[in-house]
């Protein structure tokens with residue numbers, strides 16, 4: 001049974017054009033071709049990325065946060081209350097009015113005190129500013145290095161300027177070491193993001209992030225198996241071109257550098273729109289949809305690859321909408337916040353901040369500065 005499934009999964013008609021077999025892609029005469037076994041190393045590399053990230057955040061990002069004077073807002077903690085804590089953990093973080101009244105009778109607190117307790121308790125679970133800064137620092141570092149490395153891999157290739165050459169000789173196209181390492185590092189990184197997504201800062205588009213990471217991993221893996229490597233390197237470099245800008249904007253935002261953050265965000269928005277809504281659909285997708293049909297009839301791999309590209313393009317449109325909405329608020333002078341951020345709640349009663357020390361009114365996280373986030377991915 002398993003052998004049957006294995007044979008069907010690797011059936012040539014699923015991966016290769018008609019009249020071609022895996023035997024045509026066996027190494028010969030010093031030419032090396034892509035193999036599925038080449039990507040086995042990505043799983044241990046993904047785990048290695050998690051270890052490297054831990055030490056990077058501890059010994060690089062944390063001191064950098066202190067250098068940039070990243071300050072965490074003091075949070076009022078919810079006083080211990082077994083009744084309310086049990087409801088919070090088992091029934092929900094946002095009790096309805098009827099539930100508030102019931103909890104009020106069970107705990108001996110007023111309805112206002114119950115609501116205040118839940119606000120404070122929710123704030124306790126929200127990620128700290130330092131956690132957000134360290135996460136943004138790690139992603140900024142990777143995306144910047146990946147973009148520079150990706151450009152070094154493809155900028156001197158003939159298909160960088162002439163997209164028709166992407167399919168010249170396909171699928172009998174040999175690989176070079178730089179392409180292999182570019183693929184394995186990118187794939188390993190996105191696998192590490194998928195492994196850590198449960199512990200990373202959660203946004204309102206949590207489900208979209210999971211879809212993005214899964215689609216990216218499938219797309220990278222499939223493009224290697226089916227020898228869509230030339231197109232794959234172009235797509236990965238294109239995605240990395242804007243991601244590091246967003247992460248750097250987030251870092252400056254968390255540090256309170258409002259003008260720097262806003263200026264970088266404007267640059268990011270322009271680059272994102274050009275690369276994801278112009279170059280990708282009208283050049284890259286045209287290249288993967290139209291040019292292959294000039295060489296061979298459409299097959300399953302052709303449809304599957306472009307379907308995954310369609311999933312990513314749909315996410316790009318969704319994130320572009322959020323970016324443009326933020327840009328509109330920025331241009332009109334309104335306070336700009338991440339459309340996907342989980343806002344920290346403020347106390348409604350007077351005098352509580354004074355009790356916490358300082359007497360200042362509660363403010364949104366990051367002093368009202370734009371709270372930006374990773375729209376790809378991330379990752380695209």
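Note: Cβ is positioned from N, Cα and C throughout, glycine not excepted.
Summed and averaged per residue, pLDDT over the DNA-binding region (69-129) gives 86. Among the features that TrEMBL reports, DNA-binding region is placed at 69-129.
For 344-353, the entry in TrEMBL reads compositional bias 'Acidic residues'.
According to TrEMBL, the domain 'Homeobox' annotation covers 67-128.
What TrEMBL lists as domain 'TLC' is 131-332.
The transmembrane segment feature in TrEMBL is assigned to 45-68 (among others). For the transmembrane segment (45-68), the list of distant contacts is 130, 133-135, 137-138, 141, 184-185, 188-189, 191-192, 195-196, 251, 254-255, 257: same-chain residues at least six beyond its ends, Cβ to Cβ under 8 Å.
TrEMBL lists 140-160 (among others) with the feature transmembrane segment.
Listed by sequence, the residues of this chain that lie at least six past the ends of the transmembrane segment (210-229) yet keep a Cβ under 8 A from its Cβ atoms are 15-16, 25, 33-34, 36, 38-39, 170-171, 173, 175, 179, 183, 186-187, 190-191, 193-194, 197, 235-236, 288, 301, 304-305, 308-309, 311-312, 315, 376-380. What TrEMBL lists as transmembrane segment is 210-229 (among others).
TrEMBL lists 264-291 (among others) with the feature transmembrane segment.
Annotation comment: TrEMBL describes 303-324 (among others) as transmembrane segment.
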**Report entry** For the transmembrane segment (303-324), sequence-distant contacts whose Cβ falls under 8 Å of one of its Cβ atoms, 6 or more beyond its ends
**Finding:** 205, 208, 211-212, 215-216, 218-219, 222-223, 226, 228, 235, 269, 272-273, 276-277, 280-281, 284-285, 288-289, 339-340, 375-376, 380
Query raised in the report: Can you count helix, strand and coil residues in the domain 'Homeobox' (67-128) using DSSP?
Result: 36 helix, 0 strand, 26 coil
Query - Surrounding residues of the transmembrane segment (140-160) on its own chain - C-beta under 8 Å, 6+ positions past either end - result: 56, 166, 168, 178-179, 182, 185-186, 189, 230, 233-234, 236-237, 240-241, 243-244, 247-248, 250-251, 379
